[in-house]
Amino acid sequence: MKKMCALTISFLLLKFSLILCCLKEPICFWRIKSSEYNDGNLQSECGYFVWTMKKLMKDDFYNVWLDFRIPASEYEFVLVMFFATNEINKNPDLLPNTSLVFSVMAGNCQDSLGNLDIQYMLTNDSLNYVNYVCDIDDSCAIGLTGPSWKTSLKLAIDSWTPTVFFGPFNPKLSDHDHFPYVHQIATKDTHLSHGMVSLMLHFRWTWIGLVISDDDQGVQLHSDLREESQRHGICLAFVNVIPETMKIYMTRGNMYDKQIMTSSAKVVIIYGEMNSTLEISFRRWAYLGARRIWITTSQWDVITNKKDFSLDLFHGTVTFAHHKGWIAKFKNFMQTMNTSKYPINISQSVLRWNYFNCSVSKNSIKMDHFTCENPLELTALHNYDMALSDEGYNLYNAVYAVAHTYHEHILQQVESQKMAEDKGEYTECQQSQQLHISEDLEWATGGTSVPSSMCSVTCTPGFRKIHQKETADCCFDCVQCPENEVSNETDMEQCVRCPDDQYANLEQTHCLQRAVSFLAYEDPLGMALGCMALSFTAITILVLVTFVKYRDTPIVKANNCILSYILLISLVFCFLCSLLFIGHPNQVTCILQQTTFGLFFTVAVSTVLAKTITVVMAFKLTTPGGRMRGMMMMTGAPKLVIPICTLIQLVLCGIWLLTSPPFIDRDIQSEHGKTVIFCNTGSVLAFHVVLGYLGSLALGSFTVAFLARNLPDRFNEAKFLTFSMLVFCSVWITFLPVYHSTRGKVMVVVEVFSILASSAGLLGCIFVPKCYAILVRPDSNCIQKYKGKLLY
């Protein structure tokens, strides 16, 4: 059992060591001898010395000065040095009669993590160098260093040689008090954050991750990017600050990995120094299978230069680079390089590495037996060597800057004041042309469709955003706009309410004009009510004509024909006043609607009350005091009820009109998409006082008629008056709750129907039986057949 446990632990330790080795070493690598590493030939970065010779170069000059192999990462820079110096030496107007040459600082190369071991170099005899290099013509050299600013920084501390840094701009090297001999050729990343945010806005990426190195440049980019992002509504899902110290990084590596792998952000910005712990993180994420859209700068050449990276995992990376000119002659120079003039050793082994991209089996990765007849011809076919990086273009400009410096120095010696070269031109992009993006892209997520990187799905028109508590501004929920509010853009914070004369469509994306609605005669309901009003009016007029024609008959005389005429005429106006409620309202009709309704119905109900009082008083003539009641009958005392009751109602209506008269109102709630125009009663109290007074008259008439219903006489109409008041009261008692439970046009319909129903109730209950007796049963309308008292 102990042996089994020991074997298991040993296996796990070996497996862990293998994993660490995979994270540190590339999948495909070149086995080299230890002596080669000690010579510094294959380290990742080297500097260059440039100086002048007042004589022509020999054809084998570089075979003497560059008699060693160049690291793969320096291959592009060496070719640029060859091209730039060759172009300058062929220019008769620049450094005439002088040759510009260069050599490699072979001992100043740095390792993969950018830590320059100066102590180790000084202890190795083959790596010693001094602070200046002067040739036989006593022309002091100028150093060119890059692309890592750390190398240049350490060299600048230990050297007094004028140095031009061709790597990415670094503010530390711009401190001329501490580094008076260091000059930078690259431009500042002043608008990098603006460019990155513009890219995010173009592709609608609002949820992004940020990985920076723990240095001044990383902190500055984080500050600029955060300010620019907040201004345009872009949120940072996470910010990983990678420490520069490997010891600290190893304690936090798993945390950084988890942040990348679990975050929902599909777009990640990487900014920092190459050959650092940031590069180690990049390697780890590659092996963990992180499929993200990486946004970085041109100094991150790991996608095209580092052959141990999986291109599938980093396919679709977006790189920001400074605008640079096109060196047209560089391609032709590559195709016509002469191996007799340039050292063959700088190209053969490096070309095999670059062009074939480690395309060998795992069982045979030494590449010991590889042969190539003309490697420089294959160089012309390699895309890597044709497109210069930012550092390569900066190096080309740096060589020309050094050449002009030497040229100026020579001109000063001969007291010349003008250079043959023209001034350069400064081109500034217009505001609308600052971002050029080709939409025909193949993204890392697969396909040509733009991938999404958002914390929350975009709120479509018709919805608004509600931010989640304790989350970033980009994380929100989408809720539909409230009623009659719209949002016609995506991700709106607040919905906009439509004006009163407009309404929101079903999708709530825009407002539509409301249609004006009212109880019109063209409407089926308005037409029906209008026809009913006119029909009842015609019937009432016919009844009135009948009563006038048969005014001498016993049944008409017995029911007090004057009061009957007044009641019929008031009913005609009651039916006609309902027409004021139909049609487009205006201020006049609004005032007339309620006042005419109240006055005419008061006349009708008070007439019924007078008829009821007349019936009661007629049957009480035989009782004691009958002579007095007879005199009251003869003087028409019951008829005084009508003007008195009407006058009281007229006073109430006058107070109503003076205090708060009815007015035109609009209702936008009762019917969707329509504005209902109707007459508002104004004072609700006055409206109910008028109705209450009318109801009290009806209740009094009903009570008196109910008490006189059993009085003996053939022509006693007390029963008919009782039924008419019962119908009248039932209609208006039902009217109140229904009226207050409806709105808009329906409310008008309820009131019109109540007017017609109550008026028809009075007409039908009181006059229909009499018309039946007059027209259909004339034999019953004869006083000789009946005994009894005749009511006058």
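Here, residue 1 is simply the first one shown, and the rest follow in order.
Using N, Cα and C of the backbone, Cβ positions are placed for all residues, glycine too.
Straight from TrEMBL, the features:
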type	residues	note
SIGNAL	1-21	signal peptide
TRANSMEM	525-550	transmembrane segment
DOMAIN	525-790	domain 'G-protein coupled receptors family 3 profile'
TRANSMEM	562-584	transmembrane segment
TRANSMEM	596-619	transmembrane segment
TRANSMEM	640-664	transmembrane segment
TRANSMEM	684-708	transmembrane segment
TRANSMEM	720-740	transmembrane segment
TRANSMEM	746-768	transmembrane segment
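Looking at which of 525-550, 684-708, 746-768 has the most CB pairs under 8 Å to the transmembrane segment (596-619), the answer is the stretch 684-708.
In summary, the transmembrane segment (746-768) does not lie against the transmembrane segment (640-664): fewer than three C-beta pairs, each 6 or more positions apart in sequence, are under 8 Å. Taking the domain 'G-protein coupled receptors family 3 profile' (525-790) as a whole, pLDDT averages 82 in the prediction.
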